Amino acid sequence: MEDGFSSFWGPVTSTDRCEKNYVHSSYIAEFFNTISNIPGILFALTGLINALRQRFEKRFSVLHISNMILSIGSMLYHATLQRVQQQGDETPMVWEMLLYFYILYSPDWHYRSTMPTFLFFYGVGFAIAHALIRFEIGFKVHYIILCLLCIPRMYKYYIYTKDNYAKRLAKLYVATLFLGSICWLMDRVLCKEISHWYFNPQGHALWHVFMSFNSYFANTFLMFCRAEQRRWDPKIVHFFGVFPYVKIQKPKSQ
């Protein structure tokens, strides 16, 4: 604890990050790591509104809501630094990747009911195991494997996409993932050195911000690809000439 503040949440029981605890408030353990999740909530809300307004498939509404839940869970975790809240952050991370896996691979899955059934029970099983067992390295390895399983399909979508604006979204997805990963590694590996610096660059908070953009770019790209599959004549348009989103034109019969 810093600057005379006392902890509202009690002793730290979760994994602690490089940001000093309770510097700005006795109610928020890691201030910057907490507020840096706000962009994720706003981007997810924007994507959800667009998905509902244009009547995209429910899978995308669920995906945006999942992103929102993940950001809220991360806020609670970093605000409290309690083990239960850390599980409330990490479990939605896995659920979100299972949703991505379904959206990416379900169009070519011949037995439609088997994939969602398997993924549902896998997600429930992981949540129970994660509540009973404290994962550290195991969770990170598991999460990385899920991410890697999605890459081949994302690349396939990219090479078959002809629209330059959609391809740019995919490139932004890769760029933000790369930059965010550097920030995460810097915060994780160089924490002892950073703690002696006059200014903490808040690498973990920057990871949150980059991953907020990353999720939005990934979701928008996948919405475009799915709209192409459904022949909804998708286009990437920009709000105020900057913020990208998908605009579709469904046939009158749909």
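The backbone N, Cα and C atoms fix where each Cβ goes, and this holds for glycine too.
All annotation found in TrEMBL is predicted automatically rather than curated by experts.
Feature annotations, reproduced from TrEMBL:
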- D16, E19, N21, E30: Ca(2+) binding site (BINDING)
- H78, H204, H208: Zn(2+) binding site (BINDING)
- 31-50: transmembrane segment (TRANSMEM)
- 62-81: transmembrane segment (TRANSMEM)
- 118-135: transmembrane segment (TRANSMEM)
- 172-190: transmembrane segment (TRANSMEM)
- 205-225: transmembrane segment (TRANSMEM)
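Taking the mean position of the Cβ atoms of D16, E19, N21, E30 as the Ca(2+) site, the remaining same-chain residues with a Cβ inside 8 Å of that point are V12, R17, C18, K20, A29, N33, H78, L81. Sequence-distant neighbours of the transmembrane segment (31-50) (same chain, 6+ residues past either end, Cβ-Cβ under 8 Å): 17, 19, 23-25, 56, 60-61, 63-65, 67-68, 70-72, 74-75, 78-79, 202, 204-206, 208-209, 211-213, 215-216, 219-220, 223, 243, 245-246. One way to see the shell of the Zn(2+) site is to take the Cβ centroid of H78, H204, H208; the remaining same-chain residues with a Cβ within 8 Å of it are R17, E19, E30, F32, N33, T34, S36, N37, S74, A205, W207. The binding-site residues listed here are H78, H204, H208; among them, H78 has the most other Cβ atoms within 10 Å of its own Cβ. Look at the binding-site residues D16, E19, E30 and count other Cβ atoms within 10 Å of each Cβ; D16 has the fewest. When the alpha carbons of N21 (Ca(2+) binding site) and H208 (Zn(2+) binding site) are compared, the span between them is 18 angstrom. When Cα-Cα distances from H204 (Zn(2+) binding site) are compared across the binding-site residues D16, E19, E30, the shortest belongs to E19. For N21 (Ca(2+) binding site), the number of other Cβ atoms no farther than 10 Å from its own Cβ, over all displayed protein chains, is 18.
Among the binding-site residues D16, E19, E30, the residue whose Cα lies closest in space to that of H78 (Zn(2+) binding site) is E30.
Counting in whole angstrom, E30 (Ca(2+) binding site) lies 13 from H208 (Zn(2+) binding site) by their C-alpha atoms.
The two recorded residues, H208 (Zn(2+) binding site) and E19 (Ca(2+) binding site), have Cα atoms 14 Å apart.
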